[in-house]
Amino acid sequence: MSDATSRERTKQTEEELNNWLPITANREAKWWYSAFHNVTAMVGAGVLGLPYAMSQLGWVPGIIGITLSWLITLYTLWQLVELHEDVPGKRFDRYPELGEHAFGPKLGYWIVMPQQLAVQVATNIVYMVTGGKSLKKTWDLMIPHLANVRKTYFILIFAAVQLCLSQIPNFNSLKAISLLAAVMSFSYSAIACITCIIFGVKNHHVSTPSYAVRGKTTAGIVFDVFNAIGTIAFSFAGHSVVLEIQATIPSTPEKPSTKPMWKGVVVAYLIVALCYFPVAIAGFWAYGNAVEDDVLISLEHPPWLISLANFMVFLHVVGSWQVFAMPVFDMLEAYLVKNLNFTPGTPLRIIGRSGYVVITAFIGICIPFFGGLLGFFGGLIFAPISYFIPCIMWQILRKPKRWSFHWFACWISNVLGVLIMVLSPIGGTREIVLSFKSYKFFS
């Protein structure tokens, strides 16, 4: 067999595999699909932790931190959208593929792939916890005489739902679930904000909450600041699926995917701002430094409305879990077919995806320390993917002129991203240690 024939067969095999893998199997998405996919990926567990982050930072630093993160991550997301078709006629459908283009075939893959995989897995673990906690809160408020049911069982219910949904064949097939999740995220954010305002109006004439930072000692304040930085970073974690979302949009030389994708991103980020800032400000204003690490846990009245909001969170993270899991499924199935010679098909999909659901559920049951997990994961792995790896790739591929806007923007994002990556896991680790002292496994 000639080398040319061998290359042709390899190319044909790659095309057949791409037509089966979940990221590239369907490229018929509209621009508004990218809008609600991005909202589903971005708004979630993070928004519920923002009032808690405000209580650790204080009013001014908290608002500045959220605003800077919103601006920086919008900029780095724009970079990824632009780089998706950096080479005419070629699409970088997955984050590691763009990494290979920027850093080289071998080095690029191992720089990006482990970090992206860690982001997906960490998010799925945290959302297992969030889904279980929210469902338990709904149960406790609606059926208070049976409130002693263990949280573990609710995480298992969430996992059972994911076992079924994980058999959805490709990313584009998630559009209805993702749309529902996006609507739920906006709805429970609105409920959280309005309910916090009502609570504050009713109770502030009786006693005004303290707006001093949460920490009581110098060391406590420092650790809280580190953890808050990671919590904010976690709330802007959608970059790890941006290229995969864009891969579902059709592209031609006349109509590249860049324009519809960016249109969807702008709409998504406006919705993100409408969710994040009101919830962060209203939650901290209403409860001060006594706010819980999940603001909905602080709310108790009216029970039916708070129960509804928590159920909306459950529905949202059901969809968001799938959005973050789809690139993992893609990576897992590609590895099993290419490296272990498995045959593409339904049996492979059922076994591989079900195994992943079970693993993330088990880890979530063992370490459901919500606030600490946000801070730890937010800094250690989300900061590189969302804050500075896109900038480094932009500097390598587009080579912005020294002292230009993009030169300054890239370096500011790089420095802040590295600081977040280094500092916030320290605070997150402390939160986990403090929570672990009072936690019983499988409670």
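Even glycines carry a Cβ here, placed using N, Cα and C.
Between the stretches 224-244, 350-370, TrEMBL puts its transmembrane segment entry on 350-370. Range with TrEMBL annotation transmembrane segment, chosen from 31-50, 151-170, is 31-50. Only residues 6 or more beyond the boundaries of the transmembrane segment (308-329), in the same chain, are considered here, and those with a CB under 8 A from a CB of the stretch are 22-23, 37, 40-41, 43-45, 48, 94-95, 116-117, 119-121, 123-124, 127-128, 130-131, 134-135, 137-138, 141, 158, 161-162, 165-166, 168, 170-171, 174, 177-178, 180-182, 184-185, 187-188, 191-192, 195, 240-241, 244, 296, 299, 349, 352-353, 356. With pairs at least 6 apart in sequence, the transmembrane segment (177-201) and the transmembrane segment (31-50) have 3 or more Cβ pairs within the 8 Å limit; the two touch.
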